[in-house]
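Trainee: Please see the structure below; I have some questions.
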Amino acid sequence: MKLLTLDDLEKKASQRIEKSVFDFWQSGAGDLSTLKENRNAFSRYKIIGRTMVDVSRLDTSPKNELFGKKFRAPIGVAPSSHHTLASPRGELATAGACENTKVPIGLSSYSNYSGAEVKDAAPNSAVFFQLYVFKNRKVSEQLVRRAEQAGYKAILLTSDTPYLGQRYADARNNFRLPRNVRLGNFEDLDDGKGNKIKIPHPVEQKKGDSQTASNVIDPSLNWAETIPWLKSITNMQIWAKGIICGEDAQLAIDAGIDGIWVSNHGGRQLDETLPTIEALQDVVDAVKGRVPVHLDGGVRTGADIFKALAIGADFVWVGRPALWGLACNGQKGVEKMLEILIKDLSITMGLAGTPSVADISRKSIVRFGPRYSKL
Ligand SMILES: Cc1cc2nc3c(=O)[nH]c(=O)nc-3n(C[C@H](O)[C@H](O)[C@H](O)COP(=O)(O)O)c2cc1C
Ligand SMILES: CCCCCCC(=O)C(=O)O
């Protein structure tokens, strides 16, 4: 089978990976409404292709540098957990692919290889360390300090997971991580006074009950307390992931956040919420260029990336496609996935009459039908 699109990679991955693991990747929360709408909503936007524009030179590089680095395209791999379920080198392979392709990666707190190991594999690409804040703050504090020491540029605070979404596929499959899956970031933690602290391995959770895995996470996070606390323990930038409305973007900026990441966790958390591409305009308009705005959720083609850039995103990220690439062919599979996206973005730009990312603007797209309105 020729692997030409991300859908092809998805199909091939489904044939290679055990069903309960593939379901864990693919599934969303509740009725899967958010998950499905993340994809469907892109097709409500249409590109106005301009002709007779000199597009003999196409430049996919982002409009602005990210952490002082010039990447090849405004595309990156979003944080997702447990890459060794897809391929033995796990996050080392994913990050290595990003490094070779010259795009950034965000590493999950729940990666199997540690932040330092991944940074060694991808010194330029490993820029975001994704953070869950645990009820035991000493745990998160050590994760942050280790990330800073390893050379990460920013903490990506996941703000949409006070509890884990209801993922019925995992419950039906009695899904539970195998015990031999490493949690690289949680090894040898101590409370700073020499006392060991442990985060329970998800194998200790009740089979099929993901909620028991998430009860270590602090559900009391809030802008007023959490952001100043994070700023007091690190000099890295602090970004917020999981924002889907302008009001929260404003509150995040008021609290001192350095960047906004529009996300609904790939439809795995709040069901029946806004698809990210629909939420983007409100967030961009509220942010007014004060901090960068990134987006993930259902991005699968160059046209999807183009539409998000046109609405005003500075960068666009993919989650599941990296897992599919890994499952198909390890590091080379992730490189293939990224090359497909970059080529597709480049061709879309050429056909739309926008030779550089700076040429893509709201004038480049239209939207069918009424947008949501506030009640
Ligand atoms: C299997 C899986 C694990 C994930 N793990 C994390 C995680 O550890 N931390 C986090 O902030 N987001 C996590 N995410 C969400 C992604 O960062 C991202 O928001 C989402 O996958 C984007 O949607 P997409 O998969 O449609 O591209 C995970 C997503 C998947 C599919
Ligand atoms: C204790 C919470 C673990 C969640 C890790 C992975 C994740 O975010 C996901 O969506 O799955």
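Quick reminder: no glycine exception, Cβ is built from N, Cα and C everywhere.
Keep in mind that what you see is a predicted model, and the values were worked out from it rather than measured.
Relevant sequence annotations retrieved from TrEMBL are reproduced here:
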type	residues	note
ACT_SITE	HIS265	active site, proton acceptor
BINDING	SER108, GLN130, THR158, LYS241, ASP296, GLY297, GLY298, VAL299, ARG300, GLY319, ARG320	FMN binding site
BINDING	TYR132, ARG167, SER263, HIS265, ARG268	glyoxylate binding site
DOMAIN	1-370	domain 'FMN hydroxy acid dehydrogenase'
Trainee: If I take the alpha carbons of ARG300 (FMN binding site) and ARG268 (glyoxylate binding site), what is the distance between them in whole Å?
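Mentor: Cα to Cα, ARG300 (FMN binding site) and ARG268 (glyoxylate binding site) are separated by 17 Å.
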Trainee: Quick one: Cα separation, ARG320 (FMN binding site) versus TYR132 (glyoxylate binding site), in Å?
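Mentor: Cα to Cα, ARG320 (FMN binding site) and TYR132 (glyoxylate binding site) are separated by 19 Å.
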Trainee: Which one of these recorded positions, ARG167, HIS265, ARG268, has the sparsest Cβ neighbourhood, judged by other Cβ atoms within 10 angstroms?
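Mentor: Among the recorded positions ARG167, HIS265, ARG268, the lowest count of other Cβ atoms within 10 Å belongs to ARG167.
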Trainee: Can you tell me how many other Cβ atoms are located within 10 Å of the Cβ belonging to SER108 (FMN binding site)?
Mentor: 25
Trainee: For the residue listed as 'active site, proton acceptor', which DSSP three-state class applies?
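Mentor: Its secondary structure by DSSP: helix.
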Trainee: How many whole Å apart are the CA atoms of SER108 (FMN binding site) and TYR132 (glyoxylate binding site)?
Mentor: 9
Trainee: Helix, strand or coil at TYR132 (glyoxylate binding site), per DSSP?
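Mentor: Looking at the DSSP assignment, TYR132 (glyoxylate binding site) belongs to neither helix nor strand, so coil.
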Trainee: Compared by Cα position, which of the recorded positions THR158, HIS265, ASP296, GLY298 is the closest one to ARG167 (glyoxylate binding site)?
Mentor: HIS265
Trainee: Do any of the recorded positions TYR132, THR158, HIS265, ASP296 touch ligand 1, in the sense that the CB is under 6 Å from one of its atoms?
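Mentor: The ones that qualify, in sequence order, are THR158, HIS265, ASP296.
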